[in-house]
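J.: Features from TrEMBL:
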BINDING   61-65, 131-137, 142, 160, 267, 338, 391, 458  (6S)-NADPHX binding site
BINDING   62, 127, 163  K(+) binding site
BINDING   428, 429, 430, 431, 432, 457  AMP binding site
DOMAIN    9-217  domain 'YjeF N-terminal'
DOMAIN    232-511  domain 'YjeF C-terminal'
Ligand SMILES: NC(=O)C1=CN([C@@H]2O[C@H](COP(=O)(O)OP(=O)(O)OC[C@H]3O[C@@H](n4cnc5c(N)ncnc54)[C@H](O)[C@@H]3O)[C@@H](O)[C@H]2O)[C@H](O)CC1
Ligand SMILES: [K+]
């Protein structure tokens, strides 16, 4: 469940080699053997023999893993050909040892020359070119070799990471191996669970090579992929906890939804319904009076609290007093879906922020208000837990950078903002990132592209507020909300046998 950067991986390697005393050559032998076993397992499932493989070998330890795999595949009756990206005079350390062994057993090999490989003769490729030692875009001849391998149409099994992937950010260089499967060693690498790296890696499996899992605890690694074991072990929550019989709706809390305008009333509706569907006992939706008139009975399970709006259907500064009064007996508050921008909205948000005493979820325009706030820097450092749920564009505005800069380093950006402002950041997108004030990161792997649809964010904000209302901590509510939001989206897409036609309401129905 741990996810590491290349630097962290090297530290864990060093700890294992120097402190525990397992020689690196043993780790490499274990790695190569695990890769060979995966290839044997896969080839046995193919209709035809699939035993003629090319192993593309780089000059570093990733290449060494490949040479070990070659030996074990030969022993298993495979027909193996090694293609060295570079000549052996560039090899060092464990790679020289492996190279000599392959020479001693006369393994068939040659140094790569452009357009000389007859790819169609082979059943598959092992990519042992570049691993966590990659720095920047693959240089020649790696670049041409990667292009040829991708063009061959053969299934490619990458060792540790697909060559051409940035192991830390998930960005892919040009070119990057498009792997059928990636056998990553010891721990997941960050780049394997962030787009577009996740897509280039194909099916990712983690294989132990002798580095103790406990080393990641001691190191300490604080990045995890959200999965049931992480909920129980790290977030101390059992996702299947049944409800206690002797309870009533008050047990499950009361959410205050501050959302919606005449143009975007649906956002408040989706947010309120999602809060109910995530299990909160009660929901009060506070909204401009003109909008409220049209919402009577639309969501009978939610209570409406109309706010004077002088027939504008918009928010205004004087509403803060009512909002703060209504918030008094609520367990959680969500501000922002369909809120729109209005005169003095920064002062409006600051007054509410300073006046309420329950955990707050900030989404959509509430985040844009903060981005434009002159002196936001401090008025959030108060007693209540804050969860913000920006999409990459909103995160870019909050951090005063471009959306691309966010997407190129999602984990670092989300972590930096969460630690600096001491709040929880839910950075939405493929593989949503949850960053905690202490720097811990949870990466979500549920969900699908069909959820890129208007209102999906309103649903997530409502879900997180609904979970907060039930007494989950801010990090539990953020993680549970993101994880189940994606699961519900996956179920909805499966039910409709389509991602394209998914709409936000379908997600709520699958909760
Ligand atoms: N460290 C260990 O105990 C183990 C590591 N394992 C495997 O080793 C790799 C990491 O190996 P490393 O030697 O650090 O480098 P790489 O093999 O990943 O390749 C980098 C290699 O290639 C050169 N290089 C770097 N960037 C580029 C580029 N853009 N273009 C061309 N060439 C490049 C660089 O000089 C290096 O020499 C790890 O992924 C594991 O696969 C074992 O699995 C376990 C023990
Ligand atoms: K590789």
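A Cβ is built for glycine as well, from the same backbone N, Cα and C atoms used for every other residue.
Just tell me what is around each of these and how deep it sits.
T.: For residue 64 ((6S)-NADPHX binding site), the count of additional Cβ atoms within 10 Å of its Cβ stands at 30 [all protein chains shown].
Around the Cβ of residue 127 (K(+) binding site), a 10 Å sphere holds 31 further Cβ atoms from the protein chains shown. Under the three-state DSSP scheme, residue 127 (K(+) binding site) falls in the strand class.
Annotation note: residue 428 (AMP binding site) sits in a coil segment as assigned by DSSP. Note on residue 428 (AMP binding site): other Cβ atoms within 10 Å of its Cβ, all shown chains, come to 23.
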J.: In the same chain, which residues outside the set 62, 127, 163 have their CB within 8 A of the centroid of the CB atoms that define the K(+) site?
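T.: Filtered neighbour residues, in order: 56, 58, 63, 66, 128, 129, 130, 131, 158, 159, 160, 161, 162, 177.
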J.: By CA distance, which of the binding-site residues (64, 135, 142) lies nearest to residue 428 (AMP binding site)?
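T.: Nearest in space to residue 428 (AMP binding site), counting only the binding-site residues, is 135.
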J.: So among 61, 127, 132, 142, all listed as binding-site residues, which is physically nearest to residue 457 (AMP binding site)? Use the C-alpha atoms.
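T.: The smallest Cα gap between residue 457 (AMP binding site) and any of the binding-site residues is with 132.
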J.: Using a 6 Å cut-off on Cβ distance, which of the binding-site residues 127, 428, 429, 430 come close to any atom of ligand 1?
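T.: Passing the 6 Å Cβ check against ligand 1: none.
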J.: Counting Cβ atoms within 10 Å across all protein chains shown, which of the binding-site residues 132, 163, 432 comes out on top?
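T.: Its Cβ has the most other Cβ atoms within 10 Å: 163.
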J.: Which one is closest to residue 135 ((6S)-NADPHX binding site) in space, judged by CA to CA distance, out of the binding-site residues 127, 163, 429, 430, 431?
T.: 163
J.: Which of the binding-site residues listed here (61, 132, 338, 429) have a Cα atom within 10 Å of the Cα of residue 163 (K(+) binding site)?
T.: 132
